[in-house]
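Peer 1: Before I ask anything, here is the structure I am working with.
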Amino acid sequence: MNPLDWLVPLSDFHFLRPMWLLLFIPAVIAFVMLLKQRLGEGDWQQVVDPALRAYVLDRAPKQSTKSGHWWILIAWLVATLALSGPTWQRIPVPVMKNQDALVILMDMSLSMGSQDIKPSRAIRSVQKVTDIIRERKDGLTAVIAYSGDAHTVTPFTDDGETIEHLLPSLTPEIMPKLGSRPDKAIKLAQELMTNANIRKAQFLLLTDGIQPNDVTRIKDLLGENTPLAVIAIGTAEGAPVSLGDQGFLRDNDGNIVLPRLDTAPLNELRAQANVPWLPLAFDDRDWKTLLKSEVTANNEEADSSRNTQYDQWHDAGFWLVFLLLPIALITFRRGVVFTIVLIPALWSQPSDAFEWQDLWKTPDQQGQDLIATDPNSAAEKFDDPSWKGSALYKSGDYQGAVDQFSQDSSARGKYNEANALAQTGNLEKALEAYEEAIQRAGNDAELLKNAEANRQLVEKIKEQQEKQQQNQQSSDDNQSSDDKNNSDQKNNQQQNDQQKNSDENQSADQSQSSDSQQSDSKNQQNDSQSQDQQNSSSSQQEDDDYAEQQAQKNKEQKDQEQKDSKNAQSQADQEQQEKESEDEKNAAQAGEKSDEEQDKEDAQSMAQQQQEQDQNGENPGDTLGQLDPNASQQDGMTREEKAARQNWLNRVPDNPGVLLQRKFLYQYRQQADDDKEEVLW
């Protein structure tokens, strides 16, 4: 080793921004002035007594500031050197991004569900593609799934995370058409190349076998710019294909299908079209061998035909910044250096109250980032009452929003407070808040218009509720009056019955008295007259029984009519209560939007709805809920019901496989491909 080799970097030493070195000039001037001042004061300071220097000399010595001046001068020099960009080393920097294109063709026919390779051929195929995506650090990748037809999973992209997110959803069950047509997948891959303006790409086919007819079709499609390689998945023995609850896959004769890996067509394809293939391996040897180094993830060897890198001088000036830190500490306060030894004693465990974001964003800024997705957390972050009120409003805590908006005495604050009060159902205070907002709006025409529109709607709802309450009270009074009348009628009926019985008894007594007198005075009456009297008494008794039965029948009929009337009244009251509850729900939705942008939309929609309402004569209570853009979908739902529905929706799994299945099915129907497949698995 040459002992002078360490001097080679020094020969390359230079400054990237040498113009910053001009700042040395004022530093030199300051140095000369400080030095001159120090030399000028030195003689007198040795002669004059220290106690008299403040009175004798023009400037008293300032020992505490002299050292500070020198430290500032040193910091100036260090900062100037850092800004000038000292460098002596070159580093390679890529000129362009690697755009090597790879299209992965994944067989998703029913035979890929065979479990001769655990856990299944399809799952092992997905795992292999996942490994390839993770190993490719750059370049473009597209994924195509095929069975009887081919469909794009992802077009050309360098976002490997997106591809990884979709790969677990690929199963044979989501494919809309049975069969296995790798030639259609190759044709679709060529279309993707044309759409992305890519001239050359490598195709990697992962399949459990091809048919003899596929050899000719694939050979006709391939070209120089689309080399193909195949990874074969499966064994020669095969295994049944499980269909879940339906058992195993069977042919037309009812026999269980055992899809085996047939390598003869693959060998034929290699002989005719120079398409290499390898069986599936547990490591990365299979695909790295097939794709060679030009598409490997590491990209260790660049294409020699292109100059993809150049050397750039490495700026080492940032290292000098660390020299400024102790200088800043020393010049801050005398004796602070000795406090460095206390730093380890001050070290403590991190507090849960501190977050990394607190270093970069204020609480209000953090709340603004969360208000769209998590208003509850945003409300805890906000310090500003208006922002906190908006977050509480969106989270459904309307009373808390009222408390926050009430702290803002501006027109906007009163308007938001009125909206929150309307949501709580306190329409009286909401109207008062709207009035204050209108009075304080001033020249804000937009706010004035929105507040006036909301106030009118709340007034109509309030009038509607009062009218319904009056109708309810009137119906209750009528019902009470009817009950009283029914009671009086019943009492009168009982009195009439008692009077009738009393009259009958009195008539019978009078008849007996008269008969007794006639018997005493007229003993000459014969038996025929006595018989006539008995017949007359029997006839009178039958008439009385008939009258009593008729009165009882009329009473039962009247009681039934009263019962029917009460049932009808009860049903009407129930309908009235439901209608009143509906109006209250609509009134509670009066202030659903409190943000400034939403208020603008509210004003436009309310003005149009009010005009239509006036023309059609609609009930104002039915349109107040339109302040909420989702009111048409949430009509008749309480807050608890909405929360329950949201919790139910949150339990729905995020399954992109359903989206892919619907996408593939839609594409298949659009193509209207009626070709009969040679095999169905």
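Keep in mind that glycine also has a Cβ here, set from the backbone N, Cα and C atoms.
TrEMBL annotations: computationally assigned, not manually curated.
Take a look at what TrEMBL says about it:
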TRANSMEM  15-35  transmembrane segment
TRANSMEM  69-88  transmembrane segment
DOMAIN    101-299  domain 'VWFA'
REPEAT    411-444  repeat 'TPR'
REGION    461-659  region 'Disordered'
COMPBIAS  467-478  compositional bias 'Low complexity'
COMPBIAS  488-540  compositional bias 'Low complexity'
COMPBIAS  553-566  compositional bias 'Basic and acidic residues'
COMPBIAS  576-586  compositional bias 'Basic and acidic residues'
COMPBIAS  604-614  compositional bias 'Low complexity'
Peer 1: List, by number or range, the same-chain residues at least 6 past the transmembrane segment (15-35) whose CB is under 8 A from its CB atoms?
Peer 2: 66, 69-70, 73, 76-77, 80, 83-87, 313, 315, 317
Peer 1: Kindly state the mean pLDDT of the domain 'VWFA' (101-299) in the predicted structure.
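Peer 2: Average per-residue pLDDT within the domain 'VWFA' (101-299): 89.
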Peer 1: Across the repeat 'TPR' (411-444), what are the DSSP residue counts per state (helix, strand, coil)?
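Peer 2: Across the repeat 'TPR' (411-444), DSSP assigns the residues as follows: 28 helix, 0 strand, 6 coil.
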